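A.B. asks: Just lifted these from TrEMBL, have a look:
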| type | residues | note |
| --- | --- | --- |
| TRANSMEM | B:12-32 | transmembrane segment |
| TRANSMEM | B:38-60 | transmembrane segment |
| TRANSMEM | B:81-99 | transmembrane segment |
| TRANSMEM | B:119-137 | transmembrane segment |
| TRANSMEM | B:146-166 | transmembrane segment |
| TRANSMEM | B:186-207 | transmembrane segment |
| TRANSMEM | B:219-242 | transmembrane segment |
| TRANSMEM | B:262-293 | transmembrane segment |
| TRANSMEM | B:305-331 | transmembrane segment |
| TRANSMEM | B:337-356 | transmembrane segment |
Amino acid sequence: MLRRVRLILLLFFIVFLSISCYDAHEVDDYAYVTTIGVDNGTADKWRFSFQITNMRSSGSKETFDGKETSEYLTITIDAPDFFHAANILDTSIARTINFRHTKYIVLSRDIAEKGEFNETLGPIIRFREIRRTTGVVVSTGTAQSFIEEFNPRIGISMARMQEGLMEQSKQTGFFPEIQLKDFYSGTKSSYRQSVAILAAVNDFSILQQNAEDDENKIELGERKAGELPRKGGNTVEFFGAAVFDGDKMVAEFNGYETRIMLALRGEFKQGVFTFHDPLKPELYVSINLKQQKKPKVKVEFDGDKPVIHVKLLMEGEILSVQSRIDYEEANKIGYLEGAAEDIIKQQAEALIDKAKELNVDFLNFGSYFVKSFLTIQEWEKYNWIERMKDVKATVDVEVKIRRTGTMIKSSPIKGTEEEE
Amino acid sequence: MDEGKIGNVEMICLLVNAIACKAFFTSVAAVVEKVGTAGWYMVLISDIVAIGVFSQMYALSKAYPGKNLLEIYDDIVGKKVGKVLSFISCIMLFVTVSITLREFTDATNVYLLHESPPGFIVGMFIIAMVTVCFLGIEGLGRVAKFLSFILLFNFLIVMVLSYRTFQGYKLFPILGYGLGNTVRHGIMRSSAFGEFILLGVFAKALNNTKDLGKIGYKSLIIGGLIISIVLFSVIISFPYYVTTELADPLYIMVSLIQYGRFFQRIEVVFIFTWNLSTLIGLTAIFYGSIICYCHVFNIKDKKPIIISFGISTYISTLIVPSISIILDYIVPIFRGYGWIGFYTPIFISWAIWLLFRRGKQTNVEKS
Amino acid sequence: MQKKSWWDIFIYKEKTQNQQFELLESKEDDSNVSSWGKHRAGKEAYIYVDIKRNLRRIKEDFNIPKNADITIRKLKICGHIDAFLVFIDGLIDKKMMNKVVLKNLMLETTGLDYEEENFIDALVDKVLNVGTIGKSNLFDKIENQITNGFCALFIDGYNKCLLLEIKDYPKRNIEKAENEKTIRGSKESFVEDLPTNISILRRLCKNKNLIVEYMNIGADNNIGCALVYIDGIINPEIPKELKKRINKVKSESILSSGMLEQWIEDSKWQLFPQVLNTERPDRAVSFLIEGKALIIVEGSPSANVVPITFFNLYHTSEDTDLRWQYGTFISIVRLIGTIMAVFLPGFYMALVLYSQEMISSELLASIASAREGVPFPTIIELMVMEVAFELIREASSRVPGAIGETLGIVGALILGQAAVQAGLVSPILIIIVAASGIASYVIPDYSLSLAVRVSRFFFIIMGYMAGFYGISIGMFVYFAIMCSIKSFGVPFMAPVAPKLRTSHDIIAVRPIDGMKYRPDKMNTLKKQKSK
């Protein structure tokens, strides 16, 4: 008996250990691709760029022989198909390319405007290694140059920088947090259209220009990615959004528009709003606004035409008042709230007009109208995505400033030179 | 072989796993393709139909206390026809195991073990199944009870955590492709709950066949709720036209869970739920089909049958060459028309019992 | 009682348990005629009326004069009647023998009437002022008792022998429990001496229904063991079955409770222990009150408890000793430890080799950079470290006291550090191995903690074979086998699987007034503990 059991156990282990472990691969067997990019190619139809890290934490840059190796490299190849490209690259980098930790997919503006997403990178969603939480970015330059610059300048690891960048959407609202699943389902959707993150490489040339005329002055938030007047730090920046109709990119949004778009979609988390002081217009006031509740929406049909009433609810906290006016007081706080409401309402109405003009529902209005339909047949017959141009929309904004920061009052500055 | 006895909770766990493990695979996409956004309550319609059929089975078992379904068939329609009915049940259970196992294998192959040949995955699965079958229904029931609560807890946690991907509007249009369509498919797909006949097959393992009704209703309701929750959360996470594309929507949904930089990629929790629930459920169905087989051919000792059944399952699982054939022909046919195989024996014997036997039984009782 | 073991699966026909016993039976040496077993097998021998024949028989049985420490003291009682005492030198109280027994027998018997019918009774009543006196006319029993430290008195003309208990032999004092330490709770532990152990139990459980049954086991060394239970609480089937199993023990020598445990357990093929071993009398008493039986073997400073479940092995006496909040807390800590000890290395294996997408990018980066330059595949790395850890553990428990700690430090710190610096293993792996190693020490029961260590290797292999799929297959089979274990008819995983009415302290400890019932699985006579 004992012998029989022993024999069976032995056979079991021999057989199983010898035929198993097909999928066992060490961590260092793989080259992990963090970013994928696509451009128009020259040698072949498309040009794919891969950013590959060696998956090492930033702390230990030195290898055994003390030589510093770079943490990432960018490989570019012209190929007719994505996986064809990836497979060919395996032959040169001595490790299998692996997309399990891919964080971003970058489309160049050319590709996006030609609507080639569904031919180039759309199909890769089928591949098991691509996670649907991958971010979708439209680069205003080439994807290749973007990827080459897309790495941390301060000593944090690649993964932390790339993941952290996406998190900033929640803090600022200047770009949408768009994952592949949203983008992909948006291109096929009967409810709405897709947007993507707008990004660019900033060559820091904007800052060096001398002071412009007041008329030409562009407000900071009205700029787009790549145009921010700044210097130093990472050269890449996410700012604004790219709007798609189906899989064709039709418009670029600046920071403010993106923010309002997010607010209308109910996805805005929080962000700093800076605007002219209502009582002293040459100075600025900053408040931090949060969208605590989803917008209140009422929909109805005027005949065949969709009518929508949106009410945005924002809550905020005063961050800074340059004029030192006592907006903390109960009878003055209304000025601030009113000013913020006006600005947001104005921007929202402008954005809705833009949507009607483009006939693209990037505001998710479809998700409200769909509730009036009972069956999928009716809904698809109504063909919502063609109807955006007919929408009649009214926007209400309600801003409540709940907190005033650490100060409940600001005393005037006293000096020999009396100003006030 | 000694059957062993198991308690009510153990039996409920077995049945719920047997019923609900299908929800982890392609059926979700198939349902959404047929009925669109109405999938989550279509399941409840199927469930109600299944509960209706179960009440007939319950009526039979009340009339013949202390006997299992197969013996009841024999009693009602005679040994020969009874054997045929039992054999139909046996085949149905066997095919259920093969098809679900094939779906499981393909899903595992896609998401977990990309390079392993399916034979390896199926082989390991069947070895586990056969080993546990040797321990008898007692061991199986107990391990089901032991793991089920953990699995349920995991499942609920996963559902709660993925609430971030939930967007209410995706449930609309609420009627899907129309109410009539939903009800029709609901009735047809009630075979998803056909595994409740296991309860009749295992009736003798219960301490008391009186509890049969309670167990059956409870497990059908819990199983229905679980499948419905799965469909609900998938439909509310993905628009209907995306769901139909996905091979395993639930798995994709879980992979979307992301809270900050660290708390993401937690499919692991779900893999265990998925694997263990399938293991428990399929082993129960497998064992049920062995019991049916042994009953049909008057075999006392199940042990030699178990291994040969394991081998036949291995072959029948791998016999179909590609997943496309499975998804386009076999699964739709089986899920859509499986109720014929599952319910016909019960219908026939119930009808005969109602028309001819019941009178006699009451007469006997009176005299 | 139905017995099932996991390996039954490989057999076509169910075989009786007996055949397994035969496998282990050694070839008996028939030449040794005076073996106790031989006597037992033969006809029962009664003592003779003639004292000379008795003397000859005793000398023959005890191999006198070859056997040096068996003392035969001839004397005359009532002045003229032949008698002799047989005892073993080291086992009796010499003082008592000289000053009480011999003196009284020689001097005080003069007034007694030898012809009187109840002379022996008179002897017991009037002369022999010794606490315990037994009477017997069977050679077997007498000789047994002599080896137990009794002194046998044969008197000419009577076919009865008096057995005087004047035992005295060196024994260890009651000391602190070494292996099952608790912060609160009693500190004393069982000792090797059986009567002392029983006395401790009696002291802790002053219940008139506490039954102590003595049995002798092992034909060669023939030591005593005591079966202890509380009548009226325990299911009467348990002592019956227990006695049956102890009587069925075929071994010629049972040296310790551990050996007895292996003879009486349900299945020898299971990884998990089916008998609990405790050295703490307070814990033993708590089991008695739950309706379990104890077996205490002479020479083993511990008690075996049957039937048991996993949760008996898992809990310590402290869990209920402390307030329920603290009890629950430490119990949960132990649960985490147990899970870690079993699964952590296997999980690591599966994560790193199969499911890299489930590690967050930064963690993957630190794993990858830790593995940089390590020449071995992960499985070899892990196995080597696990084996090294087991080596250190085993070595430090074998070396004498003070060196043990040094060895631990040298092994763990210096070796580990050096291995990492030499680039042989990755630091993250040392953390995994050390964490699971430490975690296995939280398990209070020694056998269970060994079982856990062994199962860790099983899960490493499963994880290596097929990642998380392999581990879940392993879990299913592992738990199914675990759930099908029975200890004296009680399911091992009760009250979780099967679910039973009173699941009061599985992991979380309930407030003390909530623990009303005795465990349902024991089918005790009195179900309720308190009102």
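Yeah, the Cβs are placed from backbone N, Cα and C, and that goes for glycine too.
Where the annotation comes from TrEMBL, it is an automatic prediction and has not been curated.
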A.B. asks: Counting CB pairs under 8 Å, which listed stretch among B:12-32, B:38-60, B:219-242, B:337-356 touches the transmembrane segment (B:262-293) the most?
C.D. replies: B:12-32
A.B. asks: Hey, which of B:12-32, B:81-99, B:119-137, B:337-356 has the most Cβ-Cβ pairs under 8 Å against the transmembrane segment (B:38-60)?
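C.D. replies: Top-ranked stretch among B:12-32, B:81-99, B:119-137, B:337-356: B:337-356.
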A.B. asks: Decide whether the stretches the transmembrane segment (B:337-356) and the transmembrane segment (B:12-32) have at least 3 CB pairs under 8 angstroms, with pairs required to be 6 or more apart in sequence.
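C.D. replies: No, the transmembrane segment (B:337-356) and the transmembrane segment (B:12-32) are not in contact.
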A.B. asks: Six or more residues out from either end of the transmembrane segment (B:119-137), which same-chain residues have a Cβ under 8 Å from its Cβ atoms?
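C.D. replies: Those are 1-4, 6, 101, 104-105, 108-109, 113, 143, 202, 205, 279, 282-283, 286-287, 290, 302-303, 306-307, 310, 313-314, 317-318, in sequence order.
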A.B. asks: Of the stretches B:12-32, B:146-166, B:186-207, which racks up the most C-beta pairs under 8 Å with the transmembrane segment (B:81-99)?
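C.D. replies: The stretch I would name here is B:186-207.
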A.B. asks: The transmembrane segment (B:12-32): which same-chain residues, six or more beyond its ends, come within Cβ distance under 8 Å?
C.D. replies: 6, 39, 42-43, 100, 103-104, 107, 140-141, 144-145, 148, 151, 185, 189, 192-193, 195-196, 198-199, 202, 215-216, 218-220, 222-224, 226-227, 230-231, 234-235, 240, 243-251, 273-274, 277-278, 280-282, 284-285, 327, 331-332, 335
A.B. asks: Determine which residues of the chain contact the transmembrane segment (B:186-207) at the Cβ level, with the cut-off under 8 Å and only residues 6 or more beyond its ends counted.
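C.D. replies: Contacts of the transmembrane segment (B:186-207) (Cβ under 8 Å, skipping residues fewer than 6 from its ends): 3-8, 11, 14-15, 18-19, 22, 27, 31, 35, 42-47, 49-50, 53-54, 57, 60-61, 66-70, 72, 89, 92-93, 96, 137-138, 141, 215-216, 219-220, 223-224, 227, 281, 284-285, 288, 291-292, 334-339, 341-343, 346.
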A.B. asks: Please indicate, using numbers and ranges, the residues of the same chain that are 6 or more beyond the transmembrane segment (B:146-166) and have a C-beta under 8 Å from a C-beta there.
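C.D. replies: Long-range Cβ neighbours of the transmembrane segment (B:146-166): 13, 16-17, 226, 229, 233, 236-237, 253-254, 256-259, 266, 269-270, 272-273, 276-277, 280.
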